[in-house]
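Listed features, source TrEMBL:
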- 27-223: domain 'Cytochrome b561' (DOMAIN)
- His63, His99, His132, His168: heme b binding site (BINDING)
- 65-85: transmembrane segment (TRANSMEM)
- 106-122: transmembrane segment (TRANSMEM)
- 134-154: transmembrane segment (TRANSMEM)
- 166-187: transmembrane segment (TRANSMEM)
- 199-220: transmembrane segment (TRANSMEM)
Amino acid sequence: MSILIFPFHSQALARNDEVFPEETLGGNQEWHTVENINTENGVAFANLGSWKAHRGHHFRNAHGILNIIGWGGLLPIGVIVARNFRRVPLKCDEWYNLHVRCQTSGYIVGAIGWGVGLWLGSSSKQQTLRTHRNLGTIIFTFATVQMLAICLQPKREDDHRRWWKIYHQVLGYALIAMIIANIFQGIQNEAHSEKWKWVYVGVLVALGFVGISLEIFRWVKPRIHINF
């Protein structure tokens, strides 16, 4: 009867945290410990989390920029055009086409930004921003109604055109107010909120300066003609 004798490696027993050997290119075996595996997995998960945070940061910036340009920029410009370039104080024969183009492009850009915001909200379990999201949905709904109103507006000779005009203007001004409030609401939740706040304040100051200047010109122009 033969007795099989296996070599005894005390070093192997000393390494009680070894889990499996891995053969290298040279044919040697390297032992990997549980601690090494946990460290490697921790680094991998940390890199994955860093990549997701980096990607989310870029998408949040895109969401903010698109909404500031679309909802907060082009839509108010369309309102300024409709109010001041029709007859008084400045007459422009292409005012309606310019108004529609501003509203349409603002709606498209803002809707894309709104969609990005919904995706960010659904992919983030920590931050839902319910108020910001609900206001954004209301804004998108009202903006869609306004776009449909442009397509379905009654003719000039229709009796109910006057009521349609009142509704269109009131809803438009209410929409602008909600847009401004919601943009500031979203900025408060950003990491660099102070910078974004002053960027949008600059946009509002520019739009307000143009609008107020045209309103003053609207008030002064008839009196200039009367005096001369």
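The backbone N, Cα and C atoms fix where each Cβ goes, and this holds for glycine too.
Quantities reported herein were computed from a predicted structural model and do not represent experimental measurements.
Structure coloured by features recorded in TrEMBL.
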residue : record              : contacts (Cβ under 8 Å, 6+ apart)
His63   : heme b binding site : Gly113, Val116, Gly117, Leu120, Gly186
His99   : heme b binding site : Gly78, Val81, Ala82, Phe85
His132  : heme b binding site : Gly117, Asn182, Gln185, Gly186, Asn189
His168  : heme b binding site : Gln146, Ala149, Gln153
Per DSSP (helix/strand/coil reduction), His99 (heme b binding site) sits in helix
Under 8 Å Cβ-Cβ from the transmembrane segment (134-154), and at least six residues away from its ends along the same chain, one finds 67, 71, 75, 100, 103-104, 107, 110-111, 114, 117-118, 160-161, 164, 167-168, 171-172, 174-175, 178-179, 181-182, 185
Mean pLDDT across the domain 'Cytochrome b561' (27-223) comes out at 84
Of all C-alpha pairs drawn from the heme b-binding set His63, His99, His132, His168, the farthest apart lie at a distance in Å of 28
